[in-house]
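Report on the following structure.
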């Protein structure tokens, strides 16, 4: 087994040149999904990987099982033997390990710079956009795997069919989620770029200027070679505005009549989608998609367009989409449970922007007709709550019962008027739903049992620790 692993690593090394004089790579904040995925690929390439984080997680446990040495505290000594230090956007410049690395003249680079280095000698496919990039990255990865191309992939969330968010393949293909939150996707030099949509988010990075954000996306697309390909959603008005500025080959997809890959006759049956795609050549492809919602049909059609343009056969594309198990925390069905007032279903979803929350609600309505939608919502970041306050009020008013948790700060300080109590007040004033504010999560199980009814669909929604709370409910309800 060890010899087989070394043989595989050598084959990859023979195909992809290594990083000169880099032996040990240290990740500060290694437990983040994006960081952990890159670390896993580098471990499998044969590099020594160390890291630090403040708490154990499924990501850190997996990396340790693969051979990484991880410290669960930050200390200057953690970087002693590092050739390079990789940091996520959440790590501040005054972090003790970052300071120590600078003092020792050890290079300190962003996560995306390391991803760009992995991509440098590969055929890179980068997926960017405000919404849908994790799922789209997973779909493209599974199509390429189904076609026997054994791609390397690095995703921001779990690719459930593969059981991991990163994989080192033995082909020239690398499929990666591109992170616009800190504009670090500008480091990437792919052959194919997908942009799913653009909406205001992470506006602190762009100095509150949406035009600056749009210019940054155009610059990202300019990183393509002149013979590269940009795949863009024709349903997004911002992308339509930007297409004339791209200056590279562009293929579009969407429900729009103008789309090159056009979706027709979408229907949802339960939690599956059925529709047709008309290709630029006029071919009609009938798709069965194993995840719900029109937003996922868009994600899947982006993946289909990439695959078709790269010469992958329909059989592999359709098989991968029909069997697609989803991405972690993207409408993740955790099971059905018997509660005091009847049977309920629990779904965990990462969506934390009003647009994402809205499409999740719509998909749930289609798949769970005539049933109540009960949402446990945890706002993520005070700044996002402030910037999108009215949109959150409008979208969250669509559910039948809303249980609101405190804002997950993600390192931010509170902002007056951008808290959960203010959200609840404004939602209540609309008169469509009367939110229940839960400030002590220890009370959540008792509250749930009091308010749930037979047949309810419970959506645990948000990017903070609401997922952990949903898993605690699963554990508690399984024992009951």
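Each Cβ is built from the backbone N, Cα and C atoms, and glycine gets one as well.
Annotated features, as they stand in Swiss-Prot:
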BINDING   129, 130, 131, 132, 133, 134, 135  ATP binding site
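Feature map: annotations from Swiss-Prot on the structure.
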| residue | record | Cβ within 10 Å |
| --- | --- | --- |
| 129 | ATP binding site | 24 |
| 130 | ATP binding site | 22 |
| 131 | ATP binding site | 21 |
| 132 | ATP binding site | 25 |
| 133 | ATP binding site | 28 |
| 134 | ATP binding site | 24 |
| 135 | ATP binding site | 30 |
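Listed in chain order, the residues near the ATP site other than 129, 130, 131, 132, 133, 134, 135 are 127, 136, 196, 197, 299, each with its Cβ within 8 Å of the site Cβ centroid.
The secondary structure of residue 129 (ATP binding site), as reduced to three states from DSSP, is coil rather than helix or strand.
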